[in-house]
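Take a look at the structure set out below.
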Amino acid sequence: MELATASTMSAAAVTRRINAGGLRVEVTNGNGAAGVYVAAAAAPCSPAAKRVNDGGGKDDVWVAVDEADVSGPSGGDGVRPTLFRTYKVKGSILHPYRFLILVRLIAIVAFFAWRVRHKNRDGAWLWTMSMAGDVWFGFSWALNQLPKLNPIKRVADLAALADRQQHGTSGGGELPGVDVFVTTVDPVDEPILYTVNSILSILAADYPVDRYACYLSDDGGTLVHYEAMVEVAKFAELWVPFCRKHCVEPRAPESYFAMKTQAYRGGVAGELMSDRRRVRREYEEFKVRIDSLFSTIRKRSDAYNRAKDGKDDGENATWMADGTHWPGTWFEPAENHRKGQHAGIVQVLLNHPTSKPRFGVAASVDNPLDFSGVDVRLPMLVYISREKRPGYNHQKKAGAMNALLRVSALLSNAPFIINFDCDHYVNNSQAFRAPMCFMLDRRGGGDDVAFVQFPQRFDDVDPTDRYANHNRVFFDGTTLSLNGLQGPSYLGTGTMFRRAALYGLEPPRWGAAGSQIKAMDNANKFGASSTLVSSMLDGANQERSITPPVAIDGSVARDLAAVTACGYDLGTSWGRDAGWVYDIATEDVATGFRMHQQGWRSVYTSMEPAAFRGTAPINLTERLYQILRWSGGSLEMFFSHSNALLAGRRLHPLQRIAYLNMSTYPIVTVFIFFYNLFPVMWLISEQYYIQQPFGEYLLYLVAIIAMIHVIGMFEVKWSGITVLDWCRNEQFYMIGSTGVYPTAVLYMALKLFTGKGIHFRLTSKQTTASSGDKFADLYTVRWVPLLIPTIVVLAVNVGAVGVAVGKAAAWGLLTEQGRFAVLGMVFNVWILALLYPFALGIMGQRGKRPAVLFVATVMAVAAVAIMYAAFGAPYQAGLSGVAASLGKAASLTGPSG
C-alpha cells in the first residue's frame, strides 16, 4: 500500500474532440466598457439574479405546476420557496397523446383478435411465427409507452439557492460537502488528455473550494496516470485562479481554447486577452508534457534499470521520478506489477484546503498574471488504484467505485457524491450547485431523493449524428418522462448521489433513525474496518460539510490499505445491498434500481449550457460494441436478483414496468431479426407474407403504423427533440436489432446454460484516423464478426427487392402476383431505409458520398431483377401454368409495435 502527499501532476495523448457550440465573447476594448457582460448586483461568477419563474417552461408545451411556491425570497408566507420548479405538459398536448396511446393499444388487441379469426392454414408455420412476433411487439411497445404517460420537467432554481446561502448563518455554510469520483482504466483506449481535462474542470468548478474533493480511480494502476495527475495539480495552480478571475466557461481548457468566441462574465475584461494568451501558452506546454509521459517514464526507467550496479535480476522495473519502484503495473509486466496483480495505491496530491480564503499575489516580473483578488486555494485531489490479485473477481467499474466510496469516507466523507467517466468534463461551472436544489429542498421531498441525473451531451458527433450518439430520444424523452414516477434510472455518469443511499440505507419516508443506526452497526454488512463503519453516520448527514483535513498517520494508512484490499468485499453486502451492484455489466442501472425498490426517488434535470459534456464513439464498430455491452447488461439484470418482477411494494407500478422494459428490450429484436430475413422466401419459394383478406389487413396495418408515428411526433413536440433525432433513433434501433441485440440474447443464453460470465470489451475512445479530419473515425471500417448479421440482412433485402422487380416485370403490375410483389417490396425498401446509416458505415471513405451507395444499390437490384427474369421467371409454362405453379399466398405482417 502506497501513501504520499504531493502538489503536482501529469498526462498523455490525443487532442480532445470539441464542440465549439454556443457561447459568445463580446469584449470590444481593453477597458471593459461597451459590449462586456459584467454582473452588476452580484459577484462575478455568481448564479444569475433572475429567478426561474419561467425557466424551461414558458413556451407552448410546458406549464408550471407550483406557482404558489415561488413568490420571493420567503415564499410570501414566511416559508422558504422551493429550490426548483416543476413543469407538466399542457393538456392540449398531453390529453391527445394519452388518447392516441389508448386507441393504439385497443387497435393492437383488435388486430390480434382479427388475425386469430383469419388464420391462414396454407402457411400455418409463417402465421404462427408472425403471431408470436406481433404479440411480443405489442407487449414490448406497451412496456415502453406506459411509463411515458406523465412527463414532468424539473428545473433547478440557482437564484433561490443563492438566496438561501445569502441568508444562511455563515455565507456559503449551507452548501454541504461533495466528493467527486472519476474512473479510468486504460491510458490508450481512454486517452489521458480526456482525463486531465476532466480533472481540471472539476478543480475549477464554481463551488466552495473547501467543501469538495476530487478522486481519480486508476483501475489499471499505471504510473502514466499518476504522473499525469502530478502535472494536473501543478497546472491547476494557474488554470483554476484564471477561471475564477475571468469566470470562463467551460472550464476544461481543451474545450475553452477550442472555442472561437466566448461570453465574458468577469469583471476585469481589460486583462482577459493578455491573461488568456499566457495561460494558453502554458497549456500547450502542459500538453506536450502529457503527450511525452510514456516516453519520459520509459527513458527514466531504462536509465535506472541500466544503473542497477550490474545486477541483472531479470526485471525491468518502472521507476518513479523520486528513484523508487512504481508499486502498480510496469511497462514490462513482472510478479506483483502487472494488470490484475499489483498493490493498492492511495496518493494525496492536493491536501484539503483551509476554510479561509487565500488570495494570490499581484502581477510581477516572475508572475505576469495578477491574482491579487482571487482565491487561489485548490480542492483536495486524490489518486487511487485498488489492490488486485489473481483469483479475485475485481468486478470492473463497480468494484472501483466501491473502493472510491470507502476511501473517500476515510478522507473527506462528504454526504454527496458525483461520479464521472474520464471522458466527461464539467461544461457549466454551476453544475455542482444545480443538483443541490433538489437534494436540499425538503418542501419538495428532497430528503427522499437518492440521486440527480443529468443528460449526457457529447462533443464532435458528426453533424447528421449517423449512429444516434446524442440519443436525445432516450434522454429527453424516455428518461425525462420518468420524472413523473419515481424518477430516472442511474445512467453511469453525470450523477449526484446521496451517500446514505449508496450505503443501502432506507429513505426517511420509509426508515426510522434507530433502524439506520442498527444497520450501521452491522460489521458483516460493511466489512472489517471499524473506522469506515463509524464514519458512515457522519457521511449520511447532509447538514455537515466535509471532514476536516486528515493527517495520514499509520492508523489511517492501515485503514486505507484495508478498504482498498482486493478481498475486502468478501462476505459483506458490498455489491448487493451496499455500494454499486456487482455481476451485471450495466451496474449503473442495477444500482439505481436497488435504490428505487427501497423507496428512494430520483430526479432528471438539465441546464443551459449543459452541465457536463463527454466523448462518444463515432466509429460504427465501437458504437456497436457499446450497445452490445448495454443490452447484454440489461439481460443480465433481468436474470438476476435485480429483476423488476421481484421488487417489493415500494417500487411504483409504472416504474416497475419501466425497469422491466429496460431489462427485456433486446428479446424482441430476435423476432425483428427473423422478420428481416423472411425476404429469403422470395428467393427460394413463391410464398408471400400478405394476410388475407387483404383489404382488412391493410387497413389494420396502416392504422397501427400511422398511430405509432403520430405518437412519436407528440413526443418530438413535448421532449424538444428534432425529427432527425427521432429518425436516427429508429434507424439505429433497427441496426441494433439485426445484429447486436440478438447477439446479446445469444450471449445471455450461453451464460444461463454454461454458467460462464460474459466479457464485454471497453469502448475505445482513441482516435486512429488522421488528425486533419475530426470525423475521420466515422469513415474508418473495423471489420469484426458483429457486422456480419446486419450485412446478411442488408444483402437479403436488396436481393428481395430485385426479385420483386423481376416478378413485377415478368408478370405485369396488373396481375395479382405483380401487385403482391410490389407490396412486399415496400417492406423491403423500408428495411433498407432503416439500415441506410449502416450501409454508409461499411463503405468506409466511400460513405462520404451517399450517391455512390444509391448507385450501387440500384445496380445490385437491377442485376438481381435481370437474373430472375432470365432464369427464374417461368415464361415457358404460359400464363396458366405459371399461375398454377405459383400456389396460394401465405400470410405474414410487418411489426405492429
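Every residue, even glycine, has its Cβ placed from backbone N, Cα and C.
Over in Swiss-Prot, the protein carries these features:
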| type | residues | note |
| --- | --- | --- |
| TRANSMEM | 93-113 | transmembrane segment |
| TRANSMEM | 123-143 | transmembrane segment |
| ACT_SITE | D219 | active site |
| BINDING | D421, D423 | substrate binding site |
| ACT_SITE | D588 | active site |
| TRANSMEM | 664-684 | transmembrane segment |
| TRANSMEM | 694-714 | transmembrane segment |
| TRANSMEM | 732-752 | transmembrane segment |
| TRANSMEM | 786-806 | transmembrane segment |
| TRANSMEM | 822-842 | transmembrane segment |
| TRANSMEM | 851-871 | transmembrane segment |
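On the structure: features taken from Swiss-Prot.
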residue: D219; record: active site; Cβ contacts under 8 Å, 6 or more apart: T183, T184, V185, S385, R386, H394, K396, K397, A400
residue: D421; record: substrate binding site; Cβ contacts under 8 Å, 6 or more apart: V182, T183, G492, T493, G614
residue: D588; record: active site; Cβ contacts under 8 Å, 6 or more apart: S489, Y490, L491, G492, W580
Check: Secondary structure at D588 (active site) (DSSP, helix/strand/coil)?
Finding: helix
Notebook entry, point to check: Mind checking which residues reach the transmembrane segment (732-752)? Cβ under 8 Å, same chain, six or more beyond either end.
Noted result: 467-468, 624, 627-628, 631-632, 634-636, 639, 665-670, 672-673, 676, 758, 786-790, 793, 831, 834-835, 837-838
Item checked: Selected stretch (most C-beta pairs under 8 A with the transmembrane segment (664-684)) from 123-143, 694-714, 786-806, 822-842, 851-871 -> 786-806
Checklist line | Recorded stretch, among 123-143, 786-806, 822-842, maximising Cβ pairs under 8 Å relative to the transmembrane segment (851-871) | finding: 786-806
Item checked: Selection from 93-113, 694-714, 786-806, the stretch that has most Cβ pairs under 8 A to the transmembrane segment (123-143) -> 93-113
